[in-house]
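**Student:** Can you read through this structure? Questions will come right after.
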Amino acid sequence: MVRIGAFFVGLFFSGWLLVTFLVGAVSFVSEPPAPTAEHEFHLHPKEVSYSFNGPLGHYDKAQLQRGFQVFKEVCSACHSLKFVAFRDLEALGYNEAEVKAIAKNWAIKTPDVDPKTGEMAGRAPVPSDHFPKPFANNVAAAAANNNAIPPDLSLMTKARHDGSAYVYSLLTGFQDQPAELLKEFPDAKTPTGLHYNPYFANLNLAMAPPLTAEGQVTYGDGTKPTVDQMAKDVSAFLTWTAEPKLENRKRAGVAALFFLLIATGLAYMSYRNIWANTKH
Amino acid sequence: MATLEETGTSDAGASGEEGVRRRDFINIAAVSFAGVGGVVAVLPLINQMNPSADVLAMATTEVDLSGIQPGQAIKTTFRSQPLFVRQLTPKEIAEADKVDPSTLRDPQSLEERTVDGKKQWLITMGVCTHLGCVPLGAGEGENRGEFGGYFCPCHGSSYDTAARIRKGPAPKNLEVPAYKFTSDTAILVG
Amino acid sequence: MSFPWAQHYTPKAPLMQWIDQRLPLPRLVYNAVGAGYPVPRNLNYFWNFGVLSGLALMIQIVTGIIMAMHYGANELVAFSSIEHTMRDVNGGWLMRYAHANGASFFFIVVYLHIFRGLYFSSYKAPREMVWLLGLVIFLLMMATAFMGYVLPWGQMSYWGAKVITGLFGAIPLVGEPIQTWLLGGFAPGNAALNRFFSLHYLLPFVIAGVIILHIWALHIPGSSNPTGVEVKGPQDTVPFHPYYTAKDGFGAGVFLILFAILLYFAPNFLGHPDNYIEANPLSTPAHIVPEWYFWPFYAILRAFTFDFFFIPAKLLGVLAMFASILLLFFLPWLDTSPVRSGNYRPVFKKFFWILVADVLVLGYCGGAPAAEPFVMISQVAAAYYFAHFLIILPLIAMFEKPLPLPGSITEAVLAKHGEHGAAVVPAE
């Protein structure tokens, strides 16, 4: 009884799936899906080598400081970094007094209640504060940015495939729309107000190229601030903001693996030893 | 018919004994090594309950003293607990100094409980040492108890003007947290 | 215990005697996973995955309890409480990554455990109850994993919750009220988040309870073995301890090494980047996919694109997806071949490996965007999946001519060693 019922249920599902497949296959062959500009022209992130890649990777603190400077002078006007606190900057090699000064002189104020009047007011951030947001809310952010909301950058490099290289590629990938694209897809012209970038999923993004000229920031350590260098530094910084415990994680991983390899070796010897006289 | 168990090894006698011991050693080593690993793996499970980085970042508090008049006290917070900051009047200082510390339950003089040269600034936790209630006396018009300091309404502990326990069940004086003057009118607690 | 030659628990230490007389818990453990449980001597490494599943559940419960200590089940703070755990809690990143990757490892070992059961027909009499209880555990695991994935309240969490509860919306008439009831609202929100958290905390303990039943049911007939021939006497078995505790210890080491590689060096490899974006009810991710362990079922769900007369395609997909799991409950009565082990079933063996490939293809299609050619491939693969269990297996059982079985486990073991000469080294 079970087998007869099963036979018909199986026949129903399998049969209908095959019918569906045949109809789909016929239409796939007769009218193949039209290619899209996104499919043809979207590029995967460039290959970038970072100090934190690989199982023994670690952050280059000087690079993170440079990246922080780019974030501070360029990105922070529009992008928030809400999961990171000023105190976290000590991991970049700043001492307590420097962190305090960075917080105190931050261009955006931390919203708080005025202790005398009880009105909402801004105060200078302190190290225990998170980075204040440049816009009070999404409506304000959209209104100031041509209806596009600049995303929070704290986790950006983990929120995209191959995130560090993605951020670098996006920052260095702004270009004119290729002529072949327009020839092949005349309707895919980049709308006004958007900017063509092959590393962005749908090729056109609202953000204008933020890093435009060499020397846009002046590095204290004498590194030449080319657009490429700034992009690399800020993408490294944003990798740190997304994964601040990367170094602890990799270090702990090496120790854990070292231990486990020995333990497993011993366990194997013990297993062989116990079974030594028993055929199986 | 062959057997499933290989009875003994080819070498017998002393070297066989040796082999047995070596094998036991491997089993013991494997189990102990795994045991050590297990103990080490438990450490982060315990450590995660310690205060997190954001809590530790709030572990110091700055207090502005400029608005506090003699005889007045303010209640603020330090590590999520009430902190009493009080400017004593000369009369209150004199009252506190009049008492011989050796007669007290928790013998301490006002000098020992304040910073040198800043004897009028009495900074204590607002946590009764009995069972952790918040004593009255820091707010305007609150009952300061019969010794003019603080009075805990829970079980009637009375503290004097140096916040020392004088009467009631509390075993200790109100705790003085670690703090330092960063200027004449500001302190950093913690 | 069902084997008369099983060793009896005779505690030497007075304390153990004292406890055993008052609460025979030491005896229970001894008979369950100690020297008192005789196990076929010829088990291969595929028999490690039961114990490894238990290890994975323990890792999940321990790290999960810790995650709950730092988690806030509220749509306003859920995402940031996870970030707080990752950034500020001492070793919180380790707990979080261990919990997220632990779920994947749990499914890896359970899938291997299930496929071992399929190949060696561990579901056949007298072990049907073991199989059925195992499937109950599998269903509970899927529910737990799904609800756990909602908790971080990222984009995939939110949209996953919406899509999966939307499956119930496919049921005619009562579907939409059921969906609303499940969510406690018209879209995933605070109510859903809180109940999912509550149940996500509860279900692992239910799983642990069913595991006890699963092991209990296993101990009635005893473990199966690669020959599929039942144990005939003491020469066929070895005591679980120390023989299989040692082997499982080694297996656990290998498991933990692979787990550590993923956890410490590629903790986000199996996750989806979109879940690092906070839930946004106004913006759907480009393509919503569940976690990898649901991909084969997700592919079956999406394979149905045409209505079948009065049954809408959506409902058909939902029915097929549930059927694809529920049909496993009928497996003991679908495969009627008296031979258990795939090693002695030449035709079954071929189709088994086709099934493995088929499920992998389904998994790949389930993770791919819902576009051609993946939909067409998944339609063929899903058709085979149903045909395999519901049509092919019963037919094989009727027509297949199995290879001659060894007389006993001992005979098989001796034959193997005979082939390899006088090897003293035990070969797997």
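Cβ atoms here come from the backbone N, Cα and C positions, even for glycine.
Below are the features I grabbed from TrEMBL:
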BINDING   C:HIS99, C:HIS200  heme b b562 binding site
BINDING   C:HIS113, C:HIS214  heme b b566 binding site
BINDING   C:HIS219  ubiquinone binding site
DOMAIN    C:15-227  domain 'Cytochrome b/b6 N-terminal region profile'
DOMAIN    C:230-407  domain 'Cytochrome b/b6 C-terminal region profile'
TRANSMEM  C:45-73  transmembrane segment
TRANSMEM  C:93-118  transmembrane segment
TRANSMEM  C:130-151  transmembrane segment
TRANSMEM  C:157-175  transmembrane segment
TRANSMEM  C:196-217  transmembrane segment
TRANSMEM  C:249-266  transmembrane segment
TRANSMEM  C:308-331  transmembrane segment
TRANSMEM  C:351-370  transmembrane segment
TRANSMEM  C:382-399  transmembrane segment
**Student:** Taking C:HIS113, C:HIS200, C:HIS214, C:HIS219 as the binding-site residues to compare, which has the smallest set of other Cβ atoms within 10 Å?
**Tutor:** C:HIS219
**Student:** Within 10 Å of the Cβ of C:HIS99 (heme b b562 binding site), how many other Cβ atoms can be counted across all chains shown?
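**Tutor:** Counting Cβ neighbours of C:HIS99 (heme b b562 binding site) within 10 Å gives 21.
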**Student:** May I ask for the residues of the chain that lie six or more residues beyond the transmembrane segment (C:382-399) and have a Cβ under 8 Å from a Cβ within it?
**Tutor:** 299-300, 303, 320, 323-324, 327-328, 331, 334-337, 345, 347-348, 351, 354-355, 358-359, 362
**Student:** Quick one: average pLDDT across the domain 'Cytochrome b/b6 C-terminal region profile' (C:230-407), no decimals.
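**Tutor:** Across the residues of the domain 'Cytochrome b/b6 C-terminal region profile' (C:230-407) the model's pLDDT averages 95 on the 0 to 100 scale.
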**Student:** Per DSSP, to which secondary structure element type does C:HIS200 (heme b b562 binding site) belong, with helix, strand and coil as the options?
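**Tutor:** SS state of C:HIS200 (heme b b562 binding site) = helix.
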**Student:** Determine, to the nearest whole angstrom, how far the Cα atom of C:HIS200 (heme b b562 binding site) is from the Cα atom of C:HIS113 (heme b b566 binding site).
**Tutor:** 23
**Student:** Give the distance between the Cα atoms of C:HIS99 (heme b b562 binding site) and C:HIS214 (heme b b566 binding site), rounded to the nearest whole Å.
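**Tutor:** So the alpha carbons of C:HIS99 (heme b b562 binding site) and C:HIS214 (heme b b566 binding site) sit roughly 24 Å from each other.
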**Student:** How big is the gap, in Å, between the Cα of C:HIS113 (heme b b566 binding site) and that of C:HIS219 (ubiquinone binding site), rounded to a whole number?
**Tutor:** 17
**Student:** Could you find out if DSSP has C:HIS99 (heme b b562 binding site) as helix, strand or coil?
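**Tutor:** Looking at the DSSP assignment, C:HIS99 (heme b b562 binding site) belongs to a helix.
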